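Trainee: TrEMBL feature annotations, pasted as is:
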- 35-53: compositional bias 'Low complexity' (COMPBIAS)
- 54-65: compositional bias 'Basic residues' (COMPBIAS)
- 219-247: compositional bias 'Polar residues' (COMPBIAS)
- 265-276: compositional bias 'Basic and acidic residues' (COMPBIAS)
- 280-308: compositional bias 'Polar residues' (COMPBIAS)
- 458-476: compositional bias 'Basic and acidic residues' (COMPBIAS)
- 481-498: compositional bias 'Pro residues' (COMPBIAS)
- 506-837: domain 'Glycosyl hydrolase family 13 catalytic' (DOMAIN)
- 34-77: region 'Disordered' (REGION)
- 93-124: region 'Disordered' (REGION)
- 215-308: region 'Disordered' (REGION)
- 441-498: region 'Disordered' (REGION)
- 626-645: region 'Disordered' (REGION)
Amino acid sequence: MQGASALQFQGVRRVGPAGSHAWTGLDGGRRVTERAAAARAAAGGSSTATGVARRPHKNERRGRRGMGGSPLAPTTDEGGLLVARAVFNEAAATDTWQQQQRHRQQANGWDTDASPTPFPANISVENRRDQDTTLVRCKGFDRVIQLATLTTSISSFGLDIKSAFIRPESEPITVDDMFYVTTRGGDQLAVGHHDALVRHMETALGLHDRSLAAEKHPNNYTNGHAMSSGSANGHQTQQVPRATYTNHADPDYDPENDRRRHHLHSEPEPQRRQEEVYNAPSQTQEALTNDPPTSEFPQQQYGHQNSPVYDYKLTPHPYQSPTVSEPIPADAAAVLSAQMRVAAAEMAAAAAEFVQLERERATATDPSEIERLQHPRLEAQAVLEHTMIAMQGMLSERDNLRNGQAGVGRHTAEPPAYVAPPPFQLPVYQPPVYQPYKAPTPAPDPVKMPTFDTPPAVERKTERREPEWEPEVPEREPEEAPLPAPPPPLDHPIPAPNTPMGEGREVILQGFNWESCNSKNKWFDVLTNEVQLIKEAGFTAVWMPPPTKSVSDQGYLPSDLYNLNSFYGSQDALRRCIRAMKDAGICPVADIVINHRCAEAQDDQGRWNLYTGRMNWDQKAITTDNPQFGGRGNHGTGEDYGPAPNIDHTQDWVRNDLKEWLHWMKNDVGFGGWRFDFVKGYGGQFTGEYVGETQPFVAVGEHWVSCNYNGSNLEYDQDSHRQSTFDWCQSTGGTTAAFDFTTKGILQEAVRNRQFWRMSDNQNRPSGFCGTWPTHAVTFLENHDTGSTLQHWPFPTDGLGQGYAYILTHPGTPTVFYDHWKDAKLRDGINELIAIRKRCGIMCNAAVKIERAEDGCYAAHIGSPRRQVEHGTCDEIDMSLPSLCMKMGHGDWSPNADQVGNARWSCQSSGDGWAVWEDRRYCD
């Protein structure tokens, strides 16, 4: 799994009651929640909107773009009420503001040659009647330091950011950054506190000196900011009252029509569910300049009855000003450091809230209380996961900066010199060439035939005559030439592969999904009843869910490791299931979660860091990288996992306790293999020690790191990604295999876009981890994190048949996801492919000769290797033993047409976009 909190959904969710327009959005296939959007904004964000707010009315959008007109344009709203609104002229605003800036700089002795900020800053706070949130508009702030400061100042004021629209980098500075906030109780911010919120945000930005100036000159300032009868901050205004009120006296007002009038714009994204996803519109510079310069559009006001809308005009000092408390740093490292501080605070807060909700959920017994906690618990998990992903991206950026300073650049290999054939095109229709019309040659006059009398009928005897032709009988086809004899066997047989995955011929079934813990029938009983079907399908091992007591239902926040009563069933049910599998010759594999462990008692400071049960550890078992849990151990040896205390594996007594527990799990409970969760959280040498001590039949770790992307496009070169997996396996001393996330990422991209050229690297080997160390690669298409109900990184559903045709015929140890095996549309094909793999003797070190890898088609010949290869794959196939050919894609290819292996081939199984052939000499 990618962390216990890896619970996210695609789709949209309405925030607040009906009529509210604050929506959550999607980011890269993941659900962006309200607080996750705020965390992204605080960390600098990306160039896309992290959250989605209500689409502004056309009058509001035009009002932001800058329209010329009268100094104050009172207009009639749809409700018939006059609303005063200053009309903003962008050109006049910029010129006037720059003049004021130069006067201020000269008066204070500043550098007048320095370029001022091109647009004045602006903060406004208002309560809208069609929403249950308070809208905070921020305009004119930079996207790095100031935006992060704004976000943290809103949170420190005691408000929750429910959603946000962050101005993309491509948009002009006149576009607002909008935050939809509520109090901790979920209500709008009281009108009387609006002014205090703005002053609080100004103080955080270092602009509090202007508020003091306002107190000294109240006649020239409104709400602490310049508002005169002339031009204020570039706005042509009259004396504007402190607040503008809008009431609901209009008897024809319809909230539903008002809500529909501000509809949201939908923007499709790939690989989503069928629900629409709404994104706020963006404004381009072209749109700013195309509007009529003299049109007047008032900005429509919304608010509860007698609710003022404050509009504060800020005049920020230039960055050269000595009064600015936090200038924009010149180097990227300082900017990234500021972003990481904000992201770390958000992640720590999200982790604390998530763990607290998990504890309440685990201790609750009343069904109504459990149902009440379910929604905030799931949302807290999603928020935490998103903050962890943001922090992971920042850490990666930090490493890139360090490498750049050290002169170590990122190496990107050139793709192979391959020119893809042009895509298939239908022949161009050629219209027939019409000949000019020619009149037919007139026929000669008919010849007049003589008339004669009809002779009398004469009775005749008809004789049967034989036909003068005989039907053609096709000649009998000559008998097919006999099959060529197989070549003699090798003089020295290739030894069995050296692999941590059993004997090298294992096929694994992941025997659960994310929702198995909520099964009506306890899951261990379900697996027990299916043991015979699992055996008949050809599986040799079953990866079972985490069996220990856990704070989370799925088992990935363990507490007491010796307590085997979990949400999947009791300890007795677990032992019965394991016994049934071993009697059927199936290896039960335990999901081992030892990167972190949740404590069950608190210290005198209220921190959860005291353990109970047979492993009654204290704070010394927790790394010092977890200050929120009061860890007093050594520094961690891997990535930090925020939701729970990280175990310090450098302590001898901790490792001894874990090895004793693993021996008990193997020798007493009966497990035969280990699947280690989140292995990048601690050093690989410790995993190697645990495996070397217990000697399981199979051992595999989840080393999940992101593939190499260029924006949203997967890069062709994934060598660095599979190298990281290779390095981790090597750090265990070669005692543990790893899940092949590289093959999953490449394969699903190739199937989705018919880009099968991705399946061959620049040495014509399989491009995933199975192409560099196949004996240690465990291939898969989906697991409980990437698929199931989470859909974090899903494989295209319509290409699952092609995917299984690949991993069940290629080197590596294949793993089949439970949901796919139970799917009636996939089950028969999967069972047939497993049977073909066994008949042809395909093992984890199989040889592969890629016959074709191009747009629309991938084809390969797979069999036993003719020579031993320590790392990488062999491309010489031993034809004295059975072998197979396979293809993916709808391109035209046949092993018989290409005379692969100088043999004749028989198609044994096929489906939509895939087929598998066997050598006829070895077919029954």
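Backbone N, Cα and C define each Cβ position, glycine as well.
Describe the structural context of each listed feature in the structure shown, including burial, neighbouring residues and relevant distances.
Mentor: Within the chain carrying the compositional bias 'Pro residues' (481-498), a Cβ under 8 angstroms from the stretch's Cβ atoms is held by residues 504, 775, 843-845, 864-868, 878-881, 902-904, 920-922, all 6 or more beyond its ends.
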Trainee: Which residue counts does DSSP yield for the compositional bias 'Pro residues' (481-498) in the helix, strand and coil classes, in that order?
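Mentor: DSSP composition of the compositional bias 'Pro residues' (481-498): 0 helix, 0 strand, 18 coil.
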Trainee: Could you tell me how many residues in the region 'Disordered' (626-645) are helical, how many are strand and how many are coil under DSSP?
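Mentor: Its residues divide into 3 helix, 0 strand, 17 coil.
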Trainee: Across the domain 'Glycosyl hydrolase family 13 catalytic' (506-837), what is the average pLDDT of the model, as a whole number?
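Mentor: Within the domain 'Glycosyl hydrolase family 13 catalytic' (506-837), the model's average pLDDT equals 96.
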